[in-house]
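The structure appears right after this line, and notes come after that.
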Amino acid sequence: MVILPWENQTTIVEFVLRGLSSNQQLNIFLFVMFFAFYVLIVSGNILIVLLVLLSQHLHTPMYFFLVNLSFLEICYTSNIVPKMLLIIIAEQKAISVAGCLTQFYFFGSLAATECLLLAVMSYDRYLAICQPLRYPVLMTGPLCIRLAASSWLCCFLLTAITLVLLSRLTFCGPNEIDHFFCDFTPLVHLSCMDTSLTETIAFATSSAVTLVPFLLIAASYSCILFAILRIPSGTGRRKAFSTCSSHLTVVTVFYGTLIATYLVPSANSSQLLRKGFSLLYTILTPMFNPIIYSLRNRDIHGALKMCLSKKPDFLLS
């Protein structure tokens, strides 16, 4: 009988996340900074959700998808940042295998959903600018719900395939993950089994939910650019571009950091750089999204002023 290499090794039941730094003084600074960022992310995105829900004139397809994106950002950061803060300040670096796989599942599912939502939002902008007369007929309420629901469901199901394959791997040491959350690559490197099938399927599914939406976004904005250039007046061109500039900025930041993170060589010397890029798309991008969408958005400004000017019911009685 052939004895497989991992059969004589002890299967580990928990991982140790090494986090960002082992310097205690630096960790205090990092904790304060990332806690502030987390509060800003949650409060900023909740504010956008509430403004859209409470303002009747924001009940449009563009803001419906923005609410989905804001809700996603809250879930996305809440999946990673609280555990990262515990690692930094309380030195609670241990995480069970099941907990690690769960964190990876939600991280992968939500990141993939963001890719699809950004593609859906670019399609919405394409219809609004290139088909303005038919836009109300084409982008109906039921279609918006189907597009958003399909984005969420498709990505959670696809990531579940990778999760099942990961859960069937045997992890027998070492159990240290040189990261601040459970990402795919550090996990498979800790397995003592053949991970080629898992890596191949994970690559195929991740390519499907990142590359295909990116190509759709690029195609949509190519059509939008040609449509804007055909507008005779400069004022009309600026007005048309302003309706999609926020979304284009978010797409550029999100995909830029995502590509930079996973195209960086996997050598040990680049691990710090990989963590830095990971911080960009797990913390800074969700924090900037509310700022980008509200900074030059007159609709959001108007909704905020309207909500602030309303008196509570007990003052009116």
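Glycine is treated like the rest: Cβ placed from N, Cα and C.
Annotated features, as they stand in TrEMBL:
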{"type": "DOMAIN", "residues": "44-293", "note": "domain 'G-protein coupled receptors family 1 profile'"}
{"type": "TRANSMEM", "residues": "28-53", "note": "transmembrane segment"}
{"type": "TRANSMEM", "residues": "65-90", "note": "transmembrane segment"}
{"type": "TRANSMEM", "residues": "102-123", "note": "transmembrane segment"}
{"type": "TRANSMEM", "residues": "143-166", "note": "transmembrane segment"}
{"type": "TRANSMEM", "residues": "201-228", "note": "transmembrane segment"}
{"type": "TRANSMEM", "residues": "240-264", "note": "transmembrane segment"}
{"type": "TRANSMEM", "residues": "276-295", "note": "transmembrane segment"}
Ranked first among 28-53, 102-123, 201-228, 240-264, 276-295 for CB pairs under 8 angstroms with the transmembrane segment (143-166): 102-123
Model confidence over the domain 'G-protein coupled receptors family 1 profile' (44-293) (mean pLDDT, whole number): 86
